[in-house]
Amino acid sequence: MAKKVGRSPKGDTKPEITPTTPVQIAAAAICARHGNKPDELLEIFHEMQHDLGYVPEETLPIIAKALNRSRAEIYGVLTFYHEFHRHPVGKHVVKICRAEACQSMGTDELCQHAESKLNVPLGGTTADGAVTIEQVFCLGNCALSPAVMVGEKLYGRVDPKRFDEIIAGLEKEAAE
Ligand code: FES
């Protein structure tokens, strides 16, 4: 993160942030495309995730400055929405619901199975970068618990066998 120290009109020193790294420059450009409007923050995050794969921590001061908001506000919004990634993720993101309805239908066992099948903890990415598994809290598919989402596709009543089939489908897709 590049910081420059400038002087405010009152003469006291104040840190000034300028984009220097490629992701910071990309973030500044995305904000500019959205007119640096604070009410377009979610669209900005979506665009960053689409372009960069995640919302890097180092871009938050750039976004805050562009939108004339505090870093805490930007960070608060980013962390409130679970759909935004703050770290690089795999080619496929497999979200496993752990909210109440799915809990009652065995999602804990499903999570344990997923961790052992892919050999990564929840929140982790397989060594080949193919799959990230994440826990989420309600996918709006409670009637078909346990629920799993891969990209935009929703799966219901996912037991360990069905989970393996989903992963096999991703592997097959990657091999084609
Ligand atoms: S509780 Fe899992 S989809 Fe709603």
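Backbone N, Cα and C atoms are what each Cβ position is placed from, and that goes for glycine too.
What TrEMBL says about this one:
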- Cys97, Cys102, Cys138, Cys142: [2Fe-2S] cluster binding site (BINDING)
Greatest C-beta neighbour count within 10 angstroms, which of the binding-site residues Cys97, Cys138, Cys142:
Cys97
Spatial neighbours, same chain, of Cys102 ([2Fe-2S] cluster binding site) - Cβ under 8 Å, 6+ residues apart:
Ile96, Cys138, Cys142, Ser145, Pro146, Ala147
Taking 8 Å from the centroid of the Cβ atoms of Cys97, Cys102, Cys138, Cys142 as the cut-off, which other residues in that chain fall inside it around the [2Fe-2S] cluster site?
Arg98, Ala99, Glu100, Ala101, Thr107, Phe137, Leu139, Gly140, Asn141, Ser145, Pro146, Ala147
Translate the DSSP assignment of Cys97 ([2Fe-2S] cluster binding site) into the three-state scheme.
strand
Could you say whether, by DSSP, Cys138 ([2Fe-2S] cluster binding site) belongs to a helix, a strand or a coil region?
coil
